[in-house]
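The structure appears below as structure tokens.
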């Protein structure tokens, strides 16, 4: 049995009016700024230049180590400076519209971010997956997606916009809040989390969107997440998943240096063109070449290849043989993902016996090929199932909501 908490207020009109006021009063967030950007912003706000380096150090500690979301809690900063910071900036968390808890302990949050410019509030989903000794947060990089992968639920939602570095990091910060993963924060009773250490040990850019189509903001967010003075996550514990944006794979290795995962799903171009249409632009030969040249590959730093198991589509023994041949010489792990059904799909999950035969062949060839245990299926939180709640509404409901938003924004 799953549990769902609808955290929205009852009166939608009041909620939309609040968003309208927020858009008019919008202040830049310090969350997600690089040190250079923060220095420029602080000087512009009136912080003496000689103090800027010290103030940045203090702010990073409070934002990313202590996890505060109110300037008033920054106790080693003077009251006057806290007031000045609050006047010019925000460090508020996004609205948590809904929290769903699966029977297996997986948690899914629906976040709502305020309007940007003349836009509307947007919603995205993040998922927390607890396991023995680790807790993984699946983070979104876009509202919707442009890739239209035929087996993926997110691919049925049109791209609304890219998320900012602030909005990407806000998913991690808010999840840590709600799991009690910051000092002085309590873990919810009964929550499934690692028994010791951090509640969130790993992050994966595998939520809504294609991270490499939002490269600069994703890069900024991940460099802060891995900064020793920031959230201090090892780059070995951060995985970026891409459907194959080849030029940015090279940039990811050179400029970010996190672990790489490839949404592969097919070993023949003619099939991958259908399942993952970006393959028409960057076919398998180009994709695999970029993988072979990814910096620092070794048995300790392997590329993960994700392969969704689709009945009678890509699950034959011949597909397994071609997969092994395709990846020959690349330090790799192959995650076999039982297809997670969603409303309206025409695909079916492979038979379990066939998945095991496929895995056995790949294992025998020397590649680790774990079969991923489906997590959070009962709350549509499993791989390929994410989609903004507002996008699940009937068209008439969505148009009514948008009309109210327009009225609330005075457009």
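Backbone N, Cα and C define each Cβ position, glycine as well.
Taken from Swiss-Prot, the feature active site, proton acceptor applies to 125, supported by sequence analysis. Cβ neighbour count for residue 125 (active site, proton acceptor): 26 (other Cβ atoms within 10 Å of its Cβ, all protein chains included).
Here Swiss-Prot flags 131-380 as domain 'Radical SAM core', drawing on sequence analysis.
Per Swiss-Prot, the feature disulfide bond maps to 138-383. Long-range Cβ contacts of residue 138 (disulfide bond) within its own chain (separation 6+, distance under 8 Å): 126, 127, 128, 129, 203, 204, 206, 207.
The [4Fe-4S] cluster binding site annotation in Swiss-Prot covers 145, 149, 152.
Every protein chain considered, the tally of other Cβ atoms within 10 Å of the Cβ of residue 263 (S-adenosyl-L-methionine binding site) stands at 25. Here Swiss-Prot flags 209, 210, 241, 263, 264, 265, 340 as S-adenosyl-L-methionine binding site.
Among the features that Swiss-Prot reports, active site, S-methylcysteine intermediate is placed at 383, with the record citing sequence analysis.
In the shown protein chains, 23 other C-beta atoms lie within 10 A of the C-beta of residue 340 (S-adenosyl-L-methionine binding site). In sequence order, the recorded positions near residue 210 (S-adenosyl-L-methionine binding site) (Cα within 10 Å of its Cα) are 145, drawn from 125, 145, 149, 152.
Cβ neighbour count for residue 210 (S-adenosyl-L-methionine binding site) (all protein chains, 10 Å cutoff from its Cβ): 27. Within the set of recorded positions 125, 209, 264, the entry lying nearest in space to residue 152 ([4Fe-4S] cluster binding site) is 209 (CA atoms).
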